[in-house]
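> I am attaching a structure below and will ask some questions about it afterwards.
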Amino acid sequence: MVEPVDTLSVRGAFIILNCSAYCEPSPKIEWKKDGTFLNLVSDDRRQLLPDGSLLINGVVHSKHNKPDEGYYQCVATVESLGTIVSRTAKLTVAGLPRFTSQPESTSVYRGNSVILNCEVNADLVPFVRWEQDRQPLFLDDRVFTLPSGTLIISNVTDGDGGLYRCVIESGGSPKYSDEAELKVLPDPEVPLNLVFLRQPSPLTKVTGQSAVFPCVTAGFPTPVIRWMKNKEEFTIESSERFLLLAGGSLEISDITEDDAGTYACIVYNGNETIEAQADLTVQAPPEFLKQPANIYAHESMDIVFECEVTGKPTPTVKWNKNGDMVIPSDYFKIVKEHNLQVLGLVKSDEGFYQCIAENDVGNAQAGAQLIILEHATTGPLPSAPRDVVASLVSTRFIKLTWRTPASDPHGDNLTYTVFYTKEGINRERVENTNRPGEMQVTIQNLMPETVYVFRVVAQNKHGPGESSVPLKVATQPEVQLPGPAPNIRAYANSPTSITVTWDTPLSGNGEIQNYKLYYMEKGTDNEQDVDVGGHSYTINGLKKYTEYSFRVVAYNKHGPGVSTQDVVVQTLSDVPSAAPQNLSLEVRNSKSIMIHWQPPPAGTQNGQITGYKIRYRKASRKSEVTESIGGTQLFQLIEGLERGTEYSFRVSALTSNGTGPATDWISAETFESDLDETRVPEVPSSLHVRPLVTSIVVSWTPPENQNIVVRGYAIGYGIGSPHAQTIKVDYKQRYYTIENLDPSSHYVITLKAFNNVGEGIPLYESAVTRPHTDTSEVDLFVINAPYTPVPDPSPMMPPVGVQASILSHDTIRITWADNSLPKNQKITDARYYTVRWKTNIPANTKYKTANTTTLSYLVTSLKPNTLYEFSVMVTKGRRSSTWSMTAHGTTFELVPTSPPKDVTVVSKEGKPRTIIVNWQPPSEANGKITGYIIYYSTDVNAEIHDWVIEPVVGNRLTHQIQELTLDTPYYFKIQARNSKGMGPMSEAVQFRTPKGKVSLLSSFPSLPLTGSNSPHGSPTSPLDSNMLLVIIVSVGVITIVIVVIVAVFCTRRTTSHQKKKRAACKSVNGSHKYKGNSKDVKPPDLWIHHERLELKPIDKSPDPNPIMTDTPIPRNSQDITPVDNSMDSNIHQRREGCSAFLYVCMLVCMLSIFSVLCPFTAVISAHPIHSLDNPHHHFHSGSLASPTRSYLHHQPHFYFPVVESVRNTPSTDTMPASSSQTCCADHQDPESATASYLANAQEEDSGQSLPTAHVRPSHPLKSFAVPAVPPTGSTYDPALPSTPLLTQQGERVHSVKTASIGTLGRTRPPMPVVVPSAPDVQETTRMLEDSESVSVFTAFLAALTTAWQISLDARREHYSNANH
């Protein structure tokens, strides 16, 4: 890459800054000026050449407008590779031709030397030449110029006499100095004392430059001059680089660092000897001793870019990646002073890295490319290593062991790679085993008490295989570390160096390997460190008269020990390195002038300011300089001056070490007479404006009343209003050009004269700037003014190049440039900057502001992961700029500082073993939430590592947890995480799972209808299960068909006979009433084993069905009026035969099913049972169980309530339940068993492993499950006896609302079935895991029950007709 170099130019010249970069594909070239990219597309003066160089056409440079001067940098970008930047090149534009001093006429004795002064600014020296008698003067070793432009003529001859002048040719017309006559006198006849016309002065040069130590003397006889270096004589002729000029001056060319030292000029003429000496300081720009090299690496590896650099002063080194500065962190570290170490490579680390070195005299860069390689696969890869464990855990290391992958049991040719990282960090580091087949590795240099995540990958000749499951291991707390180093002391050696010493720690806990010395400037947070092998170290390059804090940490094999306490020491003071700021003059009257100034910038005072030295003189030449030393006040009244005389002043600051540099000379003229300053000036006598395209020239005349003091003029201007901007100029100025205006805009201008009393009456004028297309604008507008104004009347321009550099989660550094400062961007006046910032969330956030006197500001206490906008303004005196362009920056993320909120836990509808956890994100997420961890346990006081965890992705705010234990209190906590780590846990939320609601299906053994293992461990083949399913379905279908056909047949054959029987009954006993003493006739019972059952009586319904009769069923044969049994004896026999046939069919079917099912152990689900009188349950049976609803206690059991499909409502009273019995015992009631199966038809979701017993109204058995709304006031009829079904003596049981078949408007007792206690949850889960088979069987039971209902209806109708 061809890089730009520092360039000196003149106004109006054409400049090319070279830059070329070579790559395939061709790179994109861009340019930066003062850190900001240039927009070259719309720039008509600056062009990008095809090779990438920058062409500037017609350099623009004036006192108030210097758009081309500055620092340039070339940026080359290749989209697929990255970005590199060139060194920074400085473009300096020579200022306006101006002489600091001019030659004066003089005389000289023949053979002596003479000096003619012509001093100009350093950037104009290359454009200075001399003329003798207006002819070019040719220079040689006798006639030469100093770097300042001064002419020295040695061994003067008669031919040297004449008129001399110096010329500045910096573009445009040359500027000539005054002419000075040089007269050559003959040799004096008497000796003359030796005197120095020009002594050597201290010089600071850069290697490769030339230096001239002048040693010009006068005297007679002609003296002899010799030179010494560091108090030792040296032979000038011994080196071609040293040259003794005529007259005795010493010139050193191509300076090296070895030339630095003290040079003494010794002059001797036989009568006397004089001596003068000066120091030569040699500086060197940065130079690379070792440049970084390209690196090819795989992900997770550690790499180091090496960079060795030298220079004087010692260069500072920073690293760039793809053009952006690398900020040191845990994974990007500066090691061995300048090397860059990158730990745990990731794909995004790929790109160009540049080592950029910079000091006061230059900068340089060297770069290299990092390429992340992909693992190529050419064959089968190994599977994951097995059984990765941490066999040894210490404070700073962890030893891992593992077994070979299953794919390669021997693993002799396998190598292993261990990837590890801190928990919550995505960047992994890597460690490889030492030899093939080795299955252990020790990870060193870990942090104590830190959780690390490890994974192991096996690699064969084809590449890396699968990764093992991540293993989390926490290191142990630190114990074996060195103690603090005792007797730490620090003392200042010079204004820029401090030495720190210490002793060996008393408790080293082993051999001390090295020490690390930490130091930082007091009041800052930028701590630096250096590795030290001994017990002392001297730090150079510190700031003068500045406090620094130091501490020392000893290292042994375990790592860093305990730090010492901070020791604070201050560097020594020195003379100020900058002049006082903002020097201003105020003419008080005809004999006094008040001087005001500000101290030198804080960083340049180099000590305590003890006073100020004021020097002043008349502005005329050869005037005597008066010196006055004052105290620490920032003003001084100079009195006793002459009337109407111009005086020049300069001020320098004093410390105990001496006097610092002085300000430039500034001038003011005393009044001719003492004027009136008790009132404000009058209005200026005239105001004229001349508009141009982007500027307006304003001219005026002073007030007519000349007896009132006018100290200056205030010019206000703006679009439509004169109050937008205000400029103040000197009282002698009569015109001013307002720059940087908008074309075709209407401006209002006001002019006011002011003094110390205030501002006078304004004078207004308006003007419209010309459009862009107007070509009539002249390039030069000159008013013949006799005086050049001294103060800078330019408006304050806003800062430019505002940049926000993110340093941490709460800190952003704001930097900017100020175009109104000199090109070195050094602040020498009393201006200050105001930084403001805000965030747009919430929208009504107010700005915060802070002031600073430097070109950067550190904004702290910001919110993490928040976008802020920043802008800057500059203020100088009463003038301020507008706000700059805004810069934006988003702070880094931080671990969440608050837990997830609004954590709630509820049961899942119909699944009491499943809960749903809901929450809201943390209020202080401090970044994008990438996930949550739910912790739950039955012991709130358990250690957190003993809690069960459930990970959840970051975009979810709800999660289901299944397979919980019923009737058990659980405690839940939630923790959020982002890219920076885990946040705090929420408070524990308690939730108790519901108690068990009986599942009818669970009263029977699980059916092994799939090929999975049975609960008892015996596998069931798919063929057996399919055959079993076919047999069950076939038997059920055949039975249903037969039952339906027989029921219909029996019902229809008795229809005509029933009508005849009803007619006979009405004719014989039309008014018959049942008698209470009649004997009961037991009707045929609908239930099998009816000797163990009863018909439970209930009261008549308060709202009887008008269609049905209200007569109770007779309870003996005496209650029935005799009829002719011969009419229907056959029919009764047939009907009884049909009923018996129906019952036998159903019994055979059910017994065949039980014969298959009963060998298995019965299973019961302890789910809550809703109260049947709860209307919410009836109509919203899918709702979740409430803790307030009824639960079954004691032994697990269930009820099978059967409700008539009629309008009569059951009683609201309850019936006791029975105790437990075995499912498949000999006395098992088949109806109870059937009821258990029927309840299982109400399971809602075959996909869940654990069905529930919630009742669904949409089920075909809804007439059994959903009773009508119960009436109020219903009670039992005490006249009817009641015997509980299948009860056991001495057992008190709970009751449940029931209904029965067989009576109208009355209630039949429930059919409780008792089962053994439920097995463990794990066994239950295995026995019910094939819910799909259960669903098929449930459908079969639903059909069977429908057929059973039809037969019951037919039987009921027959029995009712018989009663009639």
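Including glycine, each Cβ sits where the backbone N, Cα and C put it.
According to TrEMBL, the protein has these features:
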DOMAIN    1-92  domain 'Ig-like'
DOMAIN    97-183  domain 'Ig-like'
DOMAIN    188-281  domain 'Ig-like'
DOMAIN    286-371  domain 'Ig-like'
DOMAIN    384-478  domain 'Fibronectin type-III'
DOMAIN    484-574  domain 'Fibronectin type-III'
DOMAIN    579-673  domain 'Fibronectin type-III'
DOMAIN    683-773  domain 'Fibronectin type-III'
DOMAIN    798-894  domain 'Fibronectin type-III'
DOMAIN    899-996  domain 'Fibronectin type-III'
TRANSMEM  1027-1051  transmembrane segment
TRANSMEM  1140-1164  transmembrane segment
> In the predicted model, what is the mean pLDDT computed over the domain 'Ig-like' (1-92)?
83
> Verify whether three or more Cβ pairs under 8 angstroms connect the domain 'Fibronectin type-III' (484-574) with the domain 'Fibronectin type-III' (798-894), leaving out any pair fewer than 6 apart in sequence.
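They are not in contact.
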> Out of 1-92, 188-281, 384-478, 683-773, what stretch is closest in contact terms to the domain 'Fibronectin type-III' (899-996), meaning most Cβ pairs under 8 angstroms?
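Going through each listed stretch, the top one turns out to be 384-478.
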> Where among 188-281, 286-371, 683-773 do we find the most Cβ pairs under 8 Å to the domain 'Fibronectin type-III' (484-574)?
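Answer, by Cβ pair count: 286-371.
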> For the domain 'Fibronectin type-III' (384-478) and the domain 'Ig-like' (286-371), decide whether they are in contact, meaning at least 3 CB pairs lie under 8 A, counting pairs 6 or more apart in sequence.
yes
> Tell me the residue counts in helix, strand and coil for the domain 'Fibronectin type-III' (384-478), as DSSP assigns them.
0 helix, 49 strand, 46 coil
